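See below for the structure under consideration.
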Amino acid sequence: MMFDALDFWENVRVSEMRVCQVNEVFQNRGNRRPVHAAAIHGNLALLNILHHLGADLNVRDSKLMTPMMYAAEKNHYEVVVFLMKNNCSPYLKNEDGKTALACAAKSGSLAASKAIIELTLKPRPLMDVVDRGGWTAMVWAAEFGSFPVVKYLLSHGADWRIKDLDGNMILHWSAYGGNKDIMEALLNVGCPLDLQNNDGDTALHIGARRKTVDCVNLLLRHGASLSVKNKAGHTPRHAAALVSDSIRDLLGLSEVINSDAIDVRKTEYGKNVLSGVHRPVSTVPEAAVKSFVDTDVSRGLERFRVPWFNSVDNEKFPVDSFAYIADNSSAFPMDTKIASTVNMKCNCSGMCDDRCACVVEIKEVDGEEATRYTYCMNGLCTPEVLRDYPSSYIVECGTSCGCNPMFCNNHVTQQGLGIMVQIFKTSTRRRGWGLRSIEDVKQRQFVCQYAGEWITRTEAVRRNDMSYTLEFHVEDALLLDAKYSGNVGRFINHSCKPNLALIRVMKDKREHRFPRACLFALRDISAGEELTLNYGEQFWKSVPYSCRCREVDCVAPPPTCSPVKVKSQLLKPKAKKMKPSLGSADICMG
Ligand SMILES: C[S@@+](CC[C@H](N)C(=O)[O-])C[C@H]1O[C@@H](n2cnc3c(N)ncnc32)[C@H](O)[C@@H]1O
């Protein structure tokens, strides 16, 4: 027996509530049950009681809505978390075919969207579920103008290429919704600008018709075509003629906007080029505008897609020249025995705090306690990590720790890529491909790992190419080589004024000997900037070419030795004894 939760929802005083069954169906209220009411109202306590009394949490009302869909729609994220943890399926659909995630996205409920994604084991398929109109959750967020939700879903790998039943892509819906930030984010990941739907309309036709001035302006700046005709034979100008003066003026001025908007050579490091979809303009020689390819170089191994882009020449990205790995690997059985006082396991439950054994360091000599370099609540590494760089290192909680990786914020680098990046062809000879960010990055934010294969020095000599090799100055350490197996880190070029720091991160005993090399932002980095690292003096002493970072204060010395000498240097045992402990060690390239 249970009191009427629906009365509770309608603010009827408790004394006036009537008693009802836990699973009673209220036919006069769309076949909802008490659990629906508790979810709609965000009443977690009531939901808990109902659950303990045996209420079914996955029940549907006459519109096939589950309690989780209602809670998601209203952004009651604690209720969503509770339902997810109590085995409610995020894949159930309502009568329109919408999942709870789509309900959350449509109403701009960021916290609820996050709760669903983070508590779903493999969230990518869930994000790409379509409803009866062929719309994904992200399309709903774009139409209803929720930039935070679109950004979150995009950054977690939601597929922007899915077309709806009318052949619209999300860019069409974003032009319809009119939110310029959403449109910019979509253009930045490579949404095709002039794609036509089943009626032949591009996003520009739709923006013009809907009078979404900001979006029309943005589309024009990215080079959207004014001459594409839809099936009725109308160009975007025709569509605009049916609407307001502001749009007509905008389209009338479009040639002026186009002629000075995008110069590939000027903006190679700028935002515009990231769209990869702009058309050649008069200032750019035809041959200089090449390809943007939205394959995922990581082949699904990263939580964000990794596209490549070449606006410089005809070289295609060498997909098969290396195997993509998201974490370090080794071809050798590795001796992981360590003599260490470093604590590598905590007994926390749920979320760790500053008493966590992974975070607190017991000093060897006097038994004093100190806080290690770790992360702030917002996920950025602490300022001390960069202050004490390169000797700083981070200990994260690992698989044998008691905490819950879902809630503990000491697992930052274990989720793969930290930001959305793009591999691009640089325009400087010798620098080849590089890596850039396609979102703004905060100082101290985790960017990515430098993943590679652990190899011995003998193997390094056999490979005879130190271009992708990281050396950890730790006693009898192996070398980390990304030549044949690596991740996006292997495309990071050197700069004498770098924007990334390479920090050692360990999460368990094995990683104490073989730490992961993780890259954190040394300063705020804008979307479009190339990500760079300082390879260290040793690297420039051993290569037969000089640095071409183009920094004004480039300090790389001119070439001093031949490739043959590099090889013979490698064969000799190191003259200087390697640094004995992690605490004082640093890492360098080559
Ligand atoms: C780790 S790889 C970086 C990715 C590389 N650009 C590619 O296309 O695969 C290191 C190599 O990039 C090139 N490189 C990186 N930074 C450079 C710089 N500042 N000047 C000249 N060459 C650079 C050198 O050939 C170096 O051996």
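The backbone N, Cα and C atoms fix where each Cβ goes, and this holds for glycine too.
The following features are taken from TrEMBL:
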type	residues	note
REPEAT	30-62	repeat 'ANK'
REPEAT	133-165	repeat 'ANK'
REPEAT	166-198	repeat 'ANK'
REPEAT	199-231	repeat 'ANK'
DOMAIN	419-536	domain 'SET'
Helix-strand-coil residue split for the repeat 'ANK' (199-231), DSSP-based: 17 helix, 0 strand, 16 coil
For the repeat 'ANK' (133-165), the mean pLDDT of the predicted model: 93
Secondary structure tally of the repeat 'ANK' (133-165) (DSSP, helix then strand then coil): 16 helix, 0 strand, 17 coil
Summary of DSSP states over the domain 'SET' (419-536), given as helix, strand and coil counts: 16 helix, 47 strand, 55 coil
Within-chain partners of the repeat 'ANK' (133-165) [C-beta distance under 8 Å, separation at least 6 from its ends]: 96-99, 101-102, 104-110, 113-114, 117, 123-124, 127, 171, 173-174, 176-179, 181-182, 185-186, 189, 191, 197, 294, 303-305, 420, 439
